[in-house]
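Worksheet for the structure shown next.
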Amino acid sequence: MRRSAAPSQVLGNVAKKPRFIPPGKSNALCPKIETEETDQDVKLKEIGEKHGNASLFSEMFSENQSENFTQSVESSGKVKSTKAWNSTSKCSKLEMKTQSAPKADAMHLPTSGMAKEAAAQEEPDCLTKYFSVMWCKASKKKHKKWEGDAILITKGKSVILKDMEGKDIGRGTGYKSKELDSLEEGQTLMIGGKEIEVMGVISADDFSSGRCFQAGIATHDTVPTALPQTTMKQFCKPIKSACQPSTKENILLNPQSCKPRHNPNDTNSLVMPRPNASHQCMFNKAGLPVVDVVVDPYIANNLRPHQREGIVFLYECVMGMRVSGRFGAILADEMGLGKTLQCISLVWTLLRQGVYGCKPVLKRALIVTPGSLVKNWKKEFQKWLGSERIKVFTVDQDHKVEEFISSPLYSVMIISYEMLLRSLDQIQAIEFNLLICDEGHRLKNSSIKTTTALTNLSCERRIILTGTPIQNDLQEFYALIEFVNPGVLGSLSTYRKIYEEPIVRSREPSATKEEKDLGEKRAAELTRLTGLFILRRTQEVINKFLPPKKENIIFCQPTALQLELYRKLLSSRVISSCLQGRLENSPHLICIGALKKLCNHPCLLFKALKEKCCDPKSDEHVESSLYEGLTDVFPQDYTSDTFSEIDSGKLQVLVKLLAAIRELSSSERVVLVSNYTQTLNVLLETCKCYGYSYTRLDGNTPVSQRQQIVDSFNSKFSPAFIFLLSSKAGGVGLNLVGASHLILYDIDWNPATDIQAMARVWRDGQKCTVHIYRLLTTGTIEEKIYQRQISKQDLSGAVVDLSKTSEHIHFSVEELRNLFTLHENSSCVTHDLLECDCMGNKDHQNPSSKKPSVSRCCQLRQDQGKHNSKKPLSMSQLMQWKHFSGQHQALPDPFLERIKENVSFIFQNVTNATSPTQ
């Protein structure tokens with residue numbers, strides 16, 4: 001505190017210096033008045049010492065309180081009260097008493113219980129308040145040059161100043177709490193080297209949710225009360241020709257001639273919502289007649305309710321009706337809900353119709369998809385619209401972008417992400433009115449070439465389609481939103497400060513109650529904002545249209561060779577060093593890969609072992625030391641080419657399961673999925689060995705042939721019994737309803753990979769009961785990976801985490817110790833974790849004891865409630881499934897009955913048990 005502001009220093013009377021009093025306003029024009037005020041304060045202190053009662057000060061202080069004062073700021077940053085200048089002496093007296101009396105009270109009262117109690121009553125409650133302010137650098141200029149808006153937070157005697165990006169730009173302490181509590185609009189305050197002026201009060205709810213930082217972001221324009229009437233032009237003679245062109249002038253003169261393309265009053269018609277007055281004021285300045293936009297009945301009659309809702313949602317987004325000035329949308333429906341059909345309906349409608357004067361909204365549309373889905377999109381256009389209504393151009397090796405430019409016949413271009421980068425210069429020269437990105441979650445990294453290229457396109461109307469929206473990685477979530485609606489959430493730094501950091505901090509175990517509350521409110525506000533242009537529905541909306549689905553988690557007993565090799569690997573020096581925390585160069589990932597190969601088949605491990613022995617110059621020293629001594633465990637005559645199913649527990653189960661399907665349902669077919677090409681080679685040899693006809697699609701399959709392979713397999717005349725599928729190459733977007741059995745041979749760290757692969761068969765067009773089998777080796781790393789999957793998501797697959805987990809995961813030493821443990825004495829570690837006492841004889845499903853939470857579209861998956869159970873919520877849902885031990889006398893499922901000798905445990909869940917099937 002600066003003594004230079006004391007009254008005695010201001011008066012220059014150093015010889016007769018009174019006891020120090022906290023500074024008040026000094027006025028060089030009124031020295032006599034200030035001297036009187038100082039003497040008055042000394043008298044007040046003497047009275048206080050004599051009576052020892054704080055109430056006397058309160059009475060004397062309250063008598064001189066003024067009702068008419070305004071706030072001003074001294075250069076020291078203290079708030080002061082300035083009386084309206086009716087009287088100079090009154091002003092000075094009131095001002096000095098207002099500021100110095102409470103301090104004198106605190107300094108000179110005796111420390112009696114009554115005094116302490118009175119002081120406690122006068123102590124402020126330290127309530128936190130929020131204000132919207134303007135700020136600038138401190139100066140003595142009369143006309144300030146304000147540099148920007150900010151948020152002022154006051155609590156007790158301290159203040160924090162945040163800019164509109166959430167960054168702290170100023171802090172201060174030592175202010176008078178009563179003066180901070182009385183801040184009002186128009187008052188000023190010094191904070192550090194900055195001067196602020198209060199603009200208004202912000203509610204605590206607006207600050208907690210982050211709405212106060214959204215200045216101008218995602219707000220709707222004010223709706224005018226009435227639209228101005230269009231000035232009609234002077235009458236002119238009509239054109240004699242019967243074919244009068246529909247120019248803007250003719251439409252204005254004869255608005256009755258502009259009618260909807262289809263009848264909006266039909267019973268099953270799908271009519272788009274009309275724009276409100278604000279939208280018309282912005283986009284219909286010419287005053288064209290507003291016409292109903294009706295989806296072609298040729299399509300509308302085949303749409304399901306959720307698809308009709310999706311088309312309306314997309315229409316409102318791309319027309320700018322949901323968020324002012326933004327024309328993007330994210331359709332995040334689960335796989336199989338018809339995202340392709342909804343987009344085709346939207347494109348066809350906007351290519352032929354428009355809400356203002358019947359003028360079509362689109363001239364050209366660009367659809368970017370993975371290479372394996374280019375022909376599938378073209379096929380869907382032909383399926384729903386035929387080849388006469390619309391011409392679709394697909395870019396491939398034989399059809400270049402130049403042909404699309406030179407031909408007026410095509411209004412829709414379909415191109416793969418890879419081909420887009422090759423033809424980027426030609427694409428940028430074309431004016432597209434709508435951009436659709438299928439499997440758009442690959443755009444979650446804003447720095448990759450594909451995202452940069454698409455962002456640079458001039459098209460404002462953008463739609464992302466993804467069946468697996470990102471939920472946990474908020475920066476990737478921001479990248480998708482920024483692509484479709486740039487700037488709707490502000491800059492990346494603003495997003496991090498306002499949303500990401502509070503939300504992530506609230507999920508940490510050490511988070512305080514305030515941090516958790518703030519994180520929940522920020523997450524709710526982020527959900528509200530993004531809900532304006534993100535729509536997500538789960539597969540539950542079409543379950544009633546699909547046949548029953550039986551999902552089986554099968555735990556396969558490992559063979560003696562697998563157990564011996566597994567023990568040998570776990571005792572290696574590499575794994576021991578991992579468990580001691582030596583994780584340089586990620587040796588634990590090599591160990592995990594070796595254990596996964598062993599679970600699939602020992603021959604895969606043997607092949608890797610031989611490759612390292614034949615290549616001593618290899619820099620994979622860690623892998624070579626991991627395989628040390630494994631050769632002695634394999635039989636002497638063992639080779640990777642002469643493998644047998646007797647060496648792998650999962651392969652034994654697979655062989656028996658395929659035989660049971662062939663015998664019991666000879667007309668049904670199987671999709672066999674693996675994450676690895678080497679494993680697919682083993683499965684292919686197994687098919688050859690048992691004479692099963694097959695077809696295969698993996699990363700080596702040419703993109704131009706993939707759709708033909710899928711169509712051939714789906715045909716009822718297909719001779720193939722098994723479809724060998726690589727989940728990494730073709731597990732996304734393919735429709736394999738020609739099969740009713742799907743076997744997932746191995747497991748991936750990323751649950752989305754497995755869920756997408758399993759969704760290939762249970763979707764629209766499927767007529768038979770669907771059987772899904774997930775094979776896991778009991779007690780091994782595969783069971784641990786499965787537990788890790790279901791601890792992050794619901795078993796129904798409603799929402800998945802698409803953060804790039806893969807195998808580049810950070811593990812703690814404790815997690816690695818759990819992964820590198822072989823449980824030989826348990827029939828199912830997962831069932832043991834459930835603490836279920838059914839003894840593997842639970843042949844019924846329990847109804848959910850908890851009401852399922854209703855979640856909004858693309859809701860951030862924060863924990864909605866707290867539970868004391870150590871089991872994750874999704875893990876506990878396994879209690880609702882059927883539990884079967886391998887020792888079960890008679891399994892109700894005939895396919896499972898054939899394989900139970902090689903199985904230790906089974907979880908089964910049946911969906912749509914009452915649906916009619918063939």
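The backbone N, Cα and C atoms fix where each Cβ goes, and this holds for glycine too.
Remember, it's a predicted structure, so these values are computed and weren't measured experimentally.
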Would you mind telling me which of 110-113, 142-145, 170-173, 438-441 Swiss-Prot tags as motif 'DEGH box'? 438-441
Taking DSSP states H, G and I as helix and E and B as strand, how many residues of the motif 'DEGH box' (438-441) are helix, strand and coil? 2 helix, 0 strand, 2 coil
Beyond ASP333, GLU334, MET335, GLY336, LEU337, GLY338, LYS339, THR340, what residues of that chain have CB atoms within 8 A of the centre of the ATP site's CB atoms? GLY467, ARG763
In the three-state DSSP scheme, LYS339 (ATP binding site) belongs to helix
Binding-site residues: MET335, LEU337 - member with fewest neighbouring CB atoms within 10 Å: MET335
I want to check the contact list for THR340 (ATP binding site): same chain, sequence separation of six or more, C-beta distance under 8 angstroms. What comes out? ASN376, TRP377, GLU380, ASP438, LEU465
PLDDT averaged over every residue in the motif 'DEGH box' (438-441): 87
DSSP-derived class (H/G/I helix, E/B strand, else coil) of ASP333 (ATP binding site): coil
Please list residues from the chain of LYS339 (ATP binding site) whose Cβ is under 8 angstroms from its Cβ, counting only those at least six apart in sequence. GLY310, LEU331, ASP333, ASP438, LEU465, GLY467
